[in-house]
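Annotation source Swiss-Prot lists Zn(2+) binding site at Cys381, Asp383, His564, Cys579.
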Amino acid sequence: MSRSVISLERSTEAKKAAACPLEVIVSEAAKVIAPLWPISAFIARHPWMGMEDKSFVDAADRLQEAYGIDLYPPMAVFHAALSKGEIDVSFIERRLQRWLDDEPLPAPRHEAERLCRALLWNDAVPEEALQMPKLIELAAAMPLRSVSIRTRSVRLGLEKRLDQQMIKWCKLFYDRGEAVWALPHREHGFYGSWRRLAPLDPSLSKEERKRLFDWPHHPEEALQRALEQLGVQDEEAVAYLEAHLLALPGWAGMMVWQSRRAGDEIGGLINYLAVRLSLEWVFTAPHLPLKEEENEDDRAVGPLLAAWIHWGGMTLDDWRRLPLEDRQARLVFADRFWRIGRRHLWLEAWEDTYEAKLKEAVLTRQPEEPKEQAAAQLLFCIDVRSEPFRRHVEAVGPFETYGCAGFFGLPIQTRVLDSDDAHPSCPAIVAPRHEINETASPETAAPYRRRRDLFRFVGRTFKKIKRHLLAGLLLPEMSGPWLGLHTIARSAAPAWAGQAIHQAEMSAQQKPKTTLSLDCQGHDETTGLPIGLTKEEQVQYVKQLLVNIGLTSSFAPLVVVCGHESETTNNPYASALDCGACGGAAGAFNARVFAALANLPHVRDGLAKEGIVIPDETVFVAAEHITTVDELRWVEVPPLSEAAEAAFRQLKQALAGVSRQANAERMAKLPHVGAMPRDPVAEARRRAVDWSEIRPEWGLAGNAAFLIGRRALTKGVHLDGRVFLHSYDWREDPTGEALAGIIAGPATVGQWINLQYYASTVAPNYYGSGDKTTQTVTGGIGVMQGNGSDLLAGLPWQSVAASDREWFHSPLRLLVIIEAPFSYIERLLDENSEFRRKVQNGWLRLASIDPDSGAWVNWEAGRLASVQQR
């Protein structure tokens, strides 16, 4: 019953793409994949960002039916959630009734309802219903077709060889210094390099190499010719190229990322597809043209027909009397509901149950504004891991916390001391506008550079010896005793050895006191970006963040700007645990820049002219929340005023208890730890330095909601580390500009993170990266399973599941909640068509809380339609 039997008309995309230029066809096909960043700057990616013009249901139907990619959890997961109380049965019934109201039904309401309710709760039609002889006879007479897309190589069983060839060439092309020999002709692009080398490839037969003799040297020409030689018709070109992109979406996604980085939207994909389809033609040429594929599959009709007879209240005679069109419509209806509809209703019921519990937790208490002046105000990233830490900080003293995107509104790329490369320290959807450099005086930098150069020399020498043909034979004898001791120590006493090695590395890499290029100092020669900021820009960036989070008055003597970082060992996915808003890097640099800007006298003067008066006694300091050990580390503490010094001492004294409480809460969720570790801080530190630890922390697993509003709304509420918290005060935002910026930036990043976790959970073999213990880092850019697989784009299974059978992450679409008047939400949806489309098509959910009445309003399709018709 899982096989598709729907006969579809030509898709709208196919009709548009027929007879279109090749670039248009490739652009349309590219919507099924997403860019993939290198793993050193792992950024959460929304795998279906190009498909948001379709509804979530239609995208799921299309991917499952045509390519076998399932976007919904299996029924066993829904039943497990039901047994744990995470799904309320009443919501399932409510969603079913609403669905029946909205859907065109091929049968009387009572018959369709009986069928759907039975399919909701049953995994299969009873065997006796399937074995009725007359039913089998009727099923065999139904001319229904499957619509799965099968490329020529798949039909001939050559897809594995084609994938192996593509993996080999992609690894060579993208290598970042790992390979001993660099790929020749790389300057000619992916296709150009392959075209020059493929005729010499010994893995191709003599006949196959001969076929490439007069093959085009230009990628567009090669792709066009390959489509013609393979017999791909214009109307099927988009679907055919989609199938090839989805065969290895990781490598194709890397091609998209590199191409966009170079300012060419689809040039890289044309190169990639030109190589792939050229190879496909080379392999399949002796068998072309293929006979037209037979799509009929009478066997799949039986369970659908049996479902109507067994649960729909029909007899076989009733079925025979139906016109052929009605029978077909009923089968299509049952098939789509079985494959997609029923699980979508279960998903919505799961989401509704979570929303109801969150609504109760938030609205049962009256929001209270702070009654006393805070001693310290702390600005945290919206990351869900900040929520427990913020809650515990606020509980131990006169401290206020705020949430914002962890790049603190600074569209910068950063260049740390002596680095050759600059890192975009802002979200992937934001283009850097400035570069900030870290510098040190020659006197203080000299000792640091000597230590650094010594470590680099040792590392390079070891690497060269390891790769040398003869010297490599001596390396085990030379290094064996030392590496053996290292292995024994890290395995027998992971906490002690890991901590000792970590301390040694920190001491060796300890940087001298550095300064930041905050003021304008010309332009970067490579990127052309201005180094530093003008005085007006400095004022505006600080103002923008303070207004966005509603911190424009009542400043505490101490304001702590907290970036965040994760510290782990032997973890290729380390950047996935760092700050996504900082481009997959630690947030300390941005925190330091913002704090320094906010302390500048001319910035304070500029803010005062804008109506934001920061007292002279208020000092901004930079810190970093280490999420693996729930510790706050100081990045830069300038000279403090007397009041700020007192607040600093008070906060430091409270942080030890905060760390213990936050770690105890977090450790209890990790498998094999127990409800309450004897020493949660020690356990957290062990996991951070243990090189065998596959799950040092849960990261952002469990994320489910994004709340935009005052902290008074949620202060003291236990949100279980599942909610992104962005501070916002609608009273400070009469034009709605700040809200629009939060939705366009942080909320969109939150949606990407949410759908990355969703995809890695529901389709781990496709959108995840499998078992972390069997992965291999390849070319310095990503990971594979073993030494020959797709470039894995998602999260490892250990990031979303406690075991092979137990999921930790609940795959729910992000619920965005905004505390603002009704008119603010209407204006937002009216002006932001992209956000409205996300909500209307089900890629995220939207609710709002009226600040005056406390009413919780759901913004679903019907309400959105009324907004559009205003």
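The backbone N, Cα and C atoms fix where each Cβ goes, and this holds for glycine too.
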Self-check item: Around the Cβ of His564 (Zn(2+) binding site), the count of other Cβ atoms that are within 10 Å
Solution: 26
Exercise. Starting from the Cβ centroid of Cys381, Asp383, His564, Cys579, the recorded Zn(2+) site, name every other residue in that chain with its Cβ within 8 Å, sequence order please.
Key: Phe380, Ile382, Arg385, Ser386, Gly406, Gly563, Asp578, Gly580, Ala581, Cys582, Gly587, His625, Thr627
Quiz item: Cβ-Cβ under 8 Å from Cys579 (Zn(2+) binding site), same chain, 6 or more residues apart: which ones?
Solution: Cys381, Asp383, Gly406, Phe407, Gly563, His564, Glu565, Ala585, Ala586, Gly587
Exercise. For Cys381 (Zn(2+) binding site), name the DSSP secondary structure in the helix/strand/coil scheme.
Key: strand
Exercise. Can you see whether DSSP assigns His564 (Zn(2+) binding site) to helix, strand or coil?
Key: strand
Quiz item: Where does Cys579 (Zn(2+) binding site) sit by DSSP, helix, strand or coil?
Solution: strand
